[in-house]
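As given in TrEMBL:
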REPEAT    7-39  repeat 'ANK'
REPEAT    40-72  repeat 'ANK'
REPEAT    73-105  repeat 'ANK'
REPEAT    106-138  repeat 'ANK'
REPEAT    142-174  repeat 'ANK'
REPEAT    175-207  repeat 'ANK'
REPEAT    241-273  repeat 'ANK'
REPEAT    274-306  repeat 'ANK'
REPEAT    307-339  repeat 'ANK'
REPEAT    340-372  repeat 'ANK'
REPEAT    373-405  repeat 'ANK'
REPEAT    406-438  repeat 'ANK'
């Protein structure tokens, strides 16, 4: 009778787990150890309570099972029954003197566990038994009350029960969040309805400066956003990161939330500490539908962030063609330059966004504007091998032989990088094969050094002559490592 299996469970434990009531009673009458524990400290009573076997619980209690005994995590039978929703078992345990205010090793009481799982009848029963409502903190990590737990998990009926018993809605957890904030963050609109009128000002902020409205916005909970706005929540408050609810929703791409916010007079052109408006954040993250909503409401299209970048630059540089088209129709400044002197066209050309390049050219963007390093859109498209972009730029009369601050031309960049079809287009447009950069390198020399044999042949067919290398040394290493030079330029200059 006292033998144990491989998991150190007795026959009484197994009968208690499986609800074999008659077996439990027989074993108890035969003298089975009612308070024997397994390696985790669980007794037969805990096992029966966890699985909801009321009659087995009755026999065990009648046999003097210790009702408040706890396992290795300080969990009692009452906690196990409460967490698993076994109301009749809870009733028997309470009648046997179970302590409602004991906590497990995480700080959970039976009331907390029942609240978190939404077991409203058990919550009511525990409260009637005198369970402390607002033991706080729940855990060192969270610091939540029973009301907070119920709100966070959408247990509306439990919330109502706790509110009827005067639960304190002003308590905050370790993140500074109230029950209303937790319900809002998780999208529980029915809970929000019960909490909103008695939770104090809707502008209360958590430790990050976020309000209930912001928390609903960042998670895309449009019903909660609408509910809070209907209660006059301020959409223009700013969190500690300098962002409004509109900026947050725009960056996340929640178009329905954005629509609700702008309908309630959210300010469109506020900017965060990096100078980014809601429109820029939407475009930067590729949310075309959100951008269209903001454009329809006439968001300022020419605002610049701290790097001098406009919405059009972000759209063109990231290939958001539809937004480029909308911005151009709204008369965005297509020739504006950022802090590095780059235009939207240069950014689109660098990344090979051919449609954006075409749209900008058709809108008469200046194809020859160069950045602070003297690089033009044609040079950048050529360097990265974007043949179609090169084609559009040449058709728009981009200067084929213009050079940067190192006297490097588009032909040299394409030749050094091994882009044969781009070289072919540049030659067809009249690119000068005899020009030298500031190191005395021609396109032919650069191609030959990188062993781009097809390009070498093409340049020679175009009349390029292989002159002696003016920078040659006794070793065979080139004076300029073109792939590394291009890569380093990319890293420093071409992050959009």
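For all residues, glycine too, the Cβ spot is worked out from N, Cα and C.
Predicted automatically and left uncurated, TrEMBL annotations should be read as such.
For the repeat 'ANK' (274-306), DSSP puts the residue distribution at 16 helix, 1 strand, 16 coil. With a threshold of 8 Å between CB atoms, the same-chain residues lying at least 6 positions outside the repeat 'ANK' (142-174) that come near it are 109, 111-112, 114-120, 123-124, 127, 133-136, 180, 182-183, 185-188, 190-191, 194-195, 198-200, 206.
Applying DSSP to the repeat 'ANK' (307-339) sorts its residues as follows: 16 helix, 0 strand, 17 coil.
If one looks beyond the repeat 'ANK' (73-105) by at least 6 residues along the same chain, the residues whose Cβ comes under 8 Å of a Cβ in the stretch are 40-41, 43, 45-46, 48-54, 57-58, 61, 67, 111, 113-114, 116-117, 119, 121-122, 125-126, 129-132, 135. A mean pLDDT of 82 is what the model gives for the repeat 'ANK' (106-138). Using DSSP to sort the residues of the repeat 'ANK' (7-39) gives these counts of helix, strand and coil: 17 helix, 0 strand, 16 coil.
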